[in-house]
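Participant: After the structure tokens below, expect a handful of questions from me.
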């Protein structure tokens, strides 16, 4: 039997046994993307890691209510739409769809609930009204602000002193604020920006209140696990706690807080602001998506991960060995006349590794050991000629390796499909997807991206032809 699930709770800074409030329906909320551009590979670490957690919770409890939001109203979105001269929905619809496609390519199972901020304006307004009514927020010059001093536990997650928090939040010290640390719940909108009617005039919500309202609407006032990147711990998650607990009479907002570490690239944190990012979309065009998933799981989720081409290549080579093992085991079974259906069971050693605060590096190591044992068994059976006599043992070895992969979202394709990557059939689908993306980029007036795709295809010897039926491509 696997041990009980233990998770590092960033609220207490301790690894603690996890038990949901309602064992029949644990709840998980993960902060999702702001859809104004392509997600970079650092943005994918959380979805991949917490996909492993979601699968573990479903196995353990038989059910899960998992929400991951879409932020589709934000100043960055407004800026992107204005820069490209297109409606805001053109930006958000496009990049939300690309995000979903990219996550699917990485093997990330969609959440049960994917709330969008713009679909929850009534809930956001109602929460703000409750905060004003209880003295935790105030209206000023068309804005509504949360009064940080009204919540004595402010800072309990990040454990920063007030001066540190003020610096970290990068808040505007506007004249209408009662305290420099007060943050925006609602802001006025000019006619050229998205806005909704409210008791405080036409406006739009602040970022932090969106997650609080969406989490409460779908998961209730108290959720079991709230997860996201460590860069969101302050101010975003700190502010979520303040808003939510004040709006719900002091009820604990989230019982466990999980934060994944950042990706580093050439020794520096990967971020859009530093310009050192690699997008998921570009990477999955050049590499097997499963190798990217493996690489993202290769370090413990709370630790930084050094991202490099070498890491991806190492992941590819490891998957080559693992899929090669599965292929060879299946071939030996077939040669010996086996018609047993594979019944995957996740090995206890893998479950125990994941129960230890999602120790994916240990789980990957266990999977490698299982594969090594399976190869040794195959060699022994081939040399001794006992494959037929020990068919159940051989079959169990393959099922065990597949089960280990299933727990991590790996090894779920046919080995032949894995080894056919880069062939004309696989490449044709990739090129067609790039051509379609280029057409969508041109329609959205994202000419920089369209030109970049054309250049990439030209370097690969792909010629594009405009026809009345649309764009066609051929190899030069």
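Glycine too: its Cβ is placed from the backbone N, Cα and C atoms.
Take a look at what Swiss-Prot says about it:
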type    : residues          : note
BINDING : 31, 211, 236, 240 : Zn(2+) binding site
BINDING : 272               : ATP binding site
MOTIF   : 33-43             : motif ''HIGH' region'
MOTIF   : 269-273           : motif ''KMSKS' region'
Participant: Which residues, same chain and not among 31, 211, 236, 240, have a CB within 8 angstroms of the centroid of the CB atoms at the recorded Zn(2+) site?
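Facilitator: Near the Zn(2+) site, the remaining chain residues are 207, 208, 210, 212, 226, 228, 232, 237, 239.
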Participant: Calculate the per-residue pLDDT averaged over the motif ''KMSKS' region' (269-273) and state the result as an integer.
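Facilitator: It averages 73.
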Participant: What count of other C-beta atoms do you get within 10 angstroms of the C-beta of residue 236 (Zn(2+) binding site), across all chains shown?
Facilitator: 17
Participant: Round to the nearest Å and give the CA-to-CA distance linking the residue listed as 'ATP binding site' with residue 31 (Zn(2+) binding site).
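Facilitator: Just about 18 Å between their Cα atoms.
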Participant: Does residue 31 (Zn(2+) binding site) have same-chain partners at least 6 apart in sequence with Cβ under 8 Å from its own Cβ, and which are they?
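Facilitator: Non-local contacts for residue 31 (Zn(2+) binding site): 46, 68, 69, 211, 227, 228, 229, 232, 236, 237.
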Participant: Fewest neighbouring Cβ atoms within 10 Å: which of the binding-site residues 211, 240, 272?
Facilitator: 272
Participant: Could you say whether, by DSSP, residue 211 (Zn(2+) binding site) belongs to a helix, a strand or a coil region?
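Facilitator: Where residue 211 (Zn(2+) binding site) sits, the three-state DSSP reduction gives helix.
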